[in-house]
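Notes for the one structure printed next.
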Amino acid sequence: MDVEGGLLPAVQSTARRTSSSWGLQKATLLLAYQSFGVVYGDLCISPVYVYKNTFSGKLRLHEEDEEILGVLSLVFWSLTLIPLLKYIILVLGADDNGEGGTFALYSLMCRRSRMGLLNNINQGSLSAYDQKEPREELKSSLAIKGYFEKHFSLRVVLLLFVLMGTSMVIGDGVFTPTMSVLSAVSGLRIKFPELHENYTVLLACFVLIGLFALQHYGTHRVGFLFAPILLAWLGCIGGIGIYNILKWNPSVIRALSPYYIYNFFRKAGRDGWSSLGGIVLCITGAEAMFADLGHFSKLSLRLGFTIVVYPCLVLAYMGEAAYLSEHREDLQSSFYKALPDRVFWPVLIIATLATVVGSQAIISATFSIISQCRALGCFPRIKVVHTSSQVHGQIYIPEVNWVLMFLCMAVTVGFRDTEMIGNAYGLAVILVMFATTCLMFLVITTVWNKNILLAGLFTVGFGSIELTYLSACLAKVPHGGWLPLLLSLITLLTMSTWHYGTKKKEEYELQNKVCLDRFLSLSSGIGLSRVPGVGFVYSSAVSGVPPMFAHFVTNFPAFHRVLIFVSIQTLTVPKVNPDERFLVGRVGPPANRLFRCVVRYGYKEGRWDHFNFENQLLMKVVEFLEMHQHQQEEDGGEPGSSESGELSVIPASQQQVVVVDADTAPPPASCSGGSSSCEIDAAAGGVVSRRVRFEEPWGGAAAGRREAAGKNSGEVKTLMEERESGVSYMIGHTCVEAHEASPAVKKFAVNVVYGFQFFFHGESKSMAQQKESDVASWAEMLLYISHSQTPKLTAP
């Protein structure tokens, strides 16, 4: 019995470990399955048009087996080196707390050094900024960081380089749907040769209109269909590839040798180099695997690509090359001509659906990237709609959606040919990849703290390959390659101008903030009066009194009895721990009833719970008062940081929050010093729709302390009474204009470009519209304040 009793816990522990291991494996496999519907669509649809675009130029004069096998060898090694080795094995390891993409690499450098221009003031104590394993940095790492920190111009160039890569990714949102859909519907002309080109273009436009018209429903409504479609597509091209290899030319497997690449360039010469602009299309979508990392895990992406995607793509390209070796006259339509007649129509339908899936992936990625840029102050504050209440990453941006649709249709109608679209598409893709390679050099040396020789080996190895492709794509700028450069330039100008104007506005508010003593002396001199209610003053200033509020008080000498200065910050981390989101502090003596609250978000987080946001702020102030009263009692009654102006982190778990639907109208606000709970209404004007109740964290054990803490209970009670009197919101509006002595370029950028963006998508306008919707539900008051003085940006 003793022996059995001793074995039983060990057996149970082993069973638990086995169950936990199986649960982890099951979750990884599920993520790998879901990734087929989101990540690989663009990469998997490439076999439809790669050979056609490769042999569309002067290379069509070279139709021997050596050239065909050489193109296959280039495709195979491009897939092996770029998507597999570079992205799946290496770059996925450079994630930013699970997030990927160009901005993820840049945010890593911003946090680990002062190389970036998006470093946040008042970061406070944030666990995401702490290095997990402190270690001594190499001399090369310190030298690179010091060089960037010493030269401000290098940091500007680095930011512009990141924005350029981001602009190219946004450009992919135009070319991927256009190229994929037009290539798929062009297959109809194989069965109907007399079909005019105008009809295929018109059909492609209808498909594009339908694709973008469905975006507002959100990918979560049709997402369950995406993975089966991509798996069916991969099964089709993989199976047909095996069929063509066995039927037409089994010896095509010889092309896996790099010798055929050398032989290809030896025979094709300059024409072979020019064809690289078409071969690069086989690796389109590789960057999406890194950009979409936040929705999946590294292991799931690695499993999905290496086990399914990579073998199927290699078989598809080998099968098409085997068919071409026996049918050289079909070079311009080899994919559909290589299909057996029995499966032509099913494959055409699946191909069209797969193009929709691939287009959906890049459109969603474009929405996500623009949302990140918007959060970090690098894009105008356009409207972002969250299409799912469960998954935050599923968003919809109406203005961007319709602009993308218009551009896609314009490219489809204007170019009408996949060759010119492919030239533009290839240039956009390879520029993004080269930008990632350059940023990885800085990440390897400054973030990973690795030897500079390893970073140089990575950069030279992959950079040389990408520069070779880039040189071929640049040669096609006159033949369609100019379009991504133009779109990128416009997007870069928009993003950089908005970032510059926003930073200057923040610097103005920081330099012109009013110190508390001066504000109080000013208040006593003009006969300031306090009116009932709670006032929320929204500003970017995290210390002192915002200049717009001092401007308001000077002209209207009255403000509320309880005043809370609110600053919303976006940090260079994907997500902020809810326990570290709110920083609360007191401004001045307790008798002033002035508070400051800094709310911190990550660049991947949303802020769509606006209904309870002010309730949360009030609760955090109450928690701050309770927490510091408790701390003061433990310190023997000495004043703590609550009166020193220091901000304290209020954890999310500090209070238990219960949201209760109210059918009747209870008392608007109540808080008793002897009880352990407070209630705040979420409506006003006699119509109560929701009530929020929160309980004090110390419960009944702290009843004695609460009875002695009459002062603190009185402050909480006063806060609740003032909340019952009403809530007002004050939002500042600062106009930005260039100085008269500024150069003409700066005047145009600031007064015209930034001014136009601010007029239509201004931050204050966006915040005001959001507050107006909140006010409509709360029946409160919004006060919109505009400066009479505008900051002048002097010439450098």
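One is the number of the first residue shown, and numbering goes on along the chain from there.
Any Cβ shown, glycine's included, is placed from N, Cα and C.
Just so it is clear, the model here is predicted, and its values are computed rather than measured.
Annotation comment: TrEMBL describes 27-48, 68-89, 156-179, 199-217, 224-246, 272-291, 303-323, 343-370, 391-412, 424-444, 451-470, 482-501 as transmembrane segment. If you look up TrEMBL, you'll see 31-520 marked as domain 'K+ potassium transporter integral membrane'. For 532-753, the entry in TrEMBL reads domain 'K+ potassium transporter C-terminal'. Positions annotated as region 'Disordered' by TrEMBL: 629-648.
The highest tally of CB pairs under 8 A with the transmembrane segment (156-179), across 27-48, 199-217, 303-323, 424-444, is held by 424-444. If you look at the transmembrane segment (424-444), the same-chain residues 6 or more away from its ends with a CB under 8 A from one of its CBs are 82, 86, 90-91, 94, 102, 105-106, 108-109, 115, 144, 161-162, 164-165, 168-169, 171-172, 175-176, 179, 277-278, 280-281, 283-284, 286-287, 290, 411, 415, 450, 454-456, 458-459, 462-463, 466-467, 469-470, 473-474, 476-477, 480-485, 488. Long-range contacts of the transmembrane segment (199-217) within the same chain: residues 177-178, 181-182, 185-186, 188-189, 352, 355-356, 359-360, 363, 385, 387, 396, 398, 401-402, 404-405, 408-409, 412-413, 416, each at least 6 residues beyond the stretch ends and with a Cβ under 8 Å from a Cβ of the stretch. Within the chain, the transmembrane segment (451-470) has long-range Cβ neighbours (under 8 A, six or more residues past its boundaries) at 78, 81-82, 86, 90, 138, 140, 144, 276-277, 279-280, 426-427, 430-431, 433-434, 437-438, 440-441, 444-445. When Cβ-Cβ distances below 8 Å are used as the criterion, the transmembrane segment (482-501) is approached by residues 159-160, 163-164, 166-168, 170-171, 174-175, 373, 377-380, 407, 411, 424-425, 427-428, 431, 736, 749-750, 753-754, 757-758 of the same chain, each at least six residues removed from its ends.
When Cβ distances are compared across the two stretches, the transmembrane segment (343-370) makes contact with the transmembrane segment (27-48), since 3 or more pairs at least 6 residues apart fall below 8 angstroms.
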